[in-house]
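Participant: I have a structure I would like to understand better, so I am pasting it below and will then ask my questions one at a time.
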Amino acid sequence: MTQLTHINTAGEAHMVDVSAKNETAREARAEAFVDMQAATLAMIIDGSHHKGDVFATARIAGIQAAKKTWELIPLCHPLLLTKVEVKLEAQPEHNRVRIETCCRLTGKTGVEMEALTAASVAALTIYDMCKAVQKDMIIGPVRLLTKSGGKSGDFKVDI
């Protein structure tokens, strides 16, 4: 079994030292879902929400969140992201919104947490903007879809 990298030999949490690692191209993709009533989703699709464009706001929130992941997750490194993409897709057949994020960089550590944070905060933003209309929306699942680059190799979720 792989060891936890953020725990030292004394069992204490610490930030991993990546100074000796080589810089490599890295990418991670994540997804999140927000389930809601058909009427709430229709309001988003029609652009009739009184707070404005829900998708545009969620997209910007996701991008901002990826850039601030190191401030939110205690042991994450600050990263020089070269790409953050947040795609939002209304899925009326399932009464939900699907969010897919992609983060890239060339660096010494991966971008999985940035992709997951972007997806999570975009979902939370949709909830925040729509909670006046519907409070029982469900966020989830949130998961890593793929990651590439780095010492641990590539990962792709089984669909």
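Note that Cβ sites are derived from N, Cα and C of the backbone, with glycine treated the same way.
Checked Swiss-Prot, it gives:
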ACT_SITE  Asp128  active site
BINDING   Leu75, Cys76, His77, Met113, Glu114  substrate binding site
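Show me how these features fit into the shown structure, please.
Facilitator: Secondary structure at Asp128 (active site), as computed by DSSP, is helix. Sequence-distant neighbours of Asp128 (active site) (same chain, 6+ apart, CB under 8 A from its CB) do not exist here.
For Met113 (substrate binding site), the same-chain residues 6+ apart in sequence whose C-beta sits under 8 angstroms from its C-beta are Thr69, Ile73, Cys76.
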Participant: Can you give me the residues near the recorded substrate site, meaning same chain, not Leu75, Cys76, His77, Met113, Glu114 themselves, Cβ no more than 8 Å from the center of the site's Cβ atoms?
Facilitator: Thr69, Trp70, Ile73, Leu79, Thr109
Participant: Where does Glu114 (substrate binding site) sit in the DSSP three-state scheme?
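Facilitator: Once the DSSP labels are grouped into three classes, Glu114 (substrate binding site) ends up as helix.
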Participant: Across the listed substrate-binding residues, Leu75, Cys76, His77, Met113, Glu114, what is the farthest Cα to Cα distance, given in whole Å?
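Facilitator: Among the residues the record ties to substrate, max Cα distance equals 13 Å.
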